[in-house]
């Protein structure tokens with residue numbers, strides 16, 4: 001029974017826990033949902049609810065005055081917001097991903113999901129965001145159960161084939177330019193490469209301990225094989241002193257004799273006849 005409940009946890013078959021809150025961290029029913037919303041007490045992911053206010057909030061592609069908006073200006077507005085939020089959250093620790101929803105439903109519009117590398121960094125950011133405002137609006141932040149965005153995002157939206165539009169219950173992640181992504185997240189790759197080079201130049205204390213243990217194990221194996229507790233370096237010095245030979249107990253080096261040539265049948269018969277004559281003469 002326990003295995004069955006664990007296998008259906010967070011799925012449509014689970015009649016106790018809300019699958020949408022488990023996968024997306026948001027549910028269109030909110031607190032009125034008939035299923036449980038298990039809010040995590042600690043998580044590497046924070047949800048900043050309805051934080052991004054797009055310039056075409058009322059009608060996509062049109063400003064509040066009813067004038068059409070240039071798509072490039074909408075993208076610039078979004079990337080300015082994205083960079084601003086990233087730089088602020090990056091103060092608390094390494095940010096692995098930052099996703100902003102492009103959905104239009106009330107429970108998902110403008111939602112910002114930030115996944116930190118460490119849970120402690122997320123907790124520090126959550127503490128610092130309490131009571132703060134952005135663009136004149138209070139920041140509503142909380143831990144989110146979402147840690148794998150592959151299960152939360154709409155695959156049809158990524159393929160430009162979602163027929164639910166902005167009211168889809170899965171995340172429509174708004175994309176940033178490649179240049180901005182390289183600028184923001186590339187710093188971690190550069191710092192990692194620098195750290196790798198510095199680590200390659202010097203051996204860490206842990207590696208030193210492992211190296212010394214390996215050398216000790218090698219010495220024990222040498223003593224077991226050769227006795228006298230001699231190390232391989234001592235044997236190599238003796239090997240060089242003796243001229244590289246393999247002499248043992250002072251015995252001279254033997255030279256191999258050439259192989260005996262097998263006798264023919266006529267030679268054997270002649271030798272046997274000679275033995276018989278010598279035997280008869282002796283008698």
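A Cβ is built for glycine as well, from the same backbone N, Cα and C atoms used for every other residue.
If you look up Swiss-Prot, you'll see 191-210, 246-259 marked as compositional bias 'Basic residues'. Here Swiss-Prot flags 211-245, 260-283 as compositional bias 'Basic and acidic residues'. Swiss-Prot lists 44-146 with the feature domain 'RRM'. Annotation comment: Swiss-Prot describes 191-283 as region 'Disordered'. The feature zinc finger is assigned by Swiss-Prot to 12-40, 148-175, with sequence analysis given as support.
For the domain 'RRM' (44-146), the model's pLDDT averages out at 93. Mapped onto DSSP classes, the domain 'RRM' (44-146) shows 33 helix, 26 strand, 44 coil. For the zinc finger (12-40), DSSP puts the residue distribution at 9 helix, 2 strand, 18 coil.
For the zinc finger (148-175), DSSP puts the residue distribution at 7 helix, 3 strand, 18 coil.
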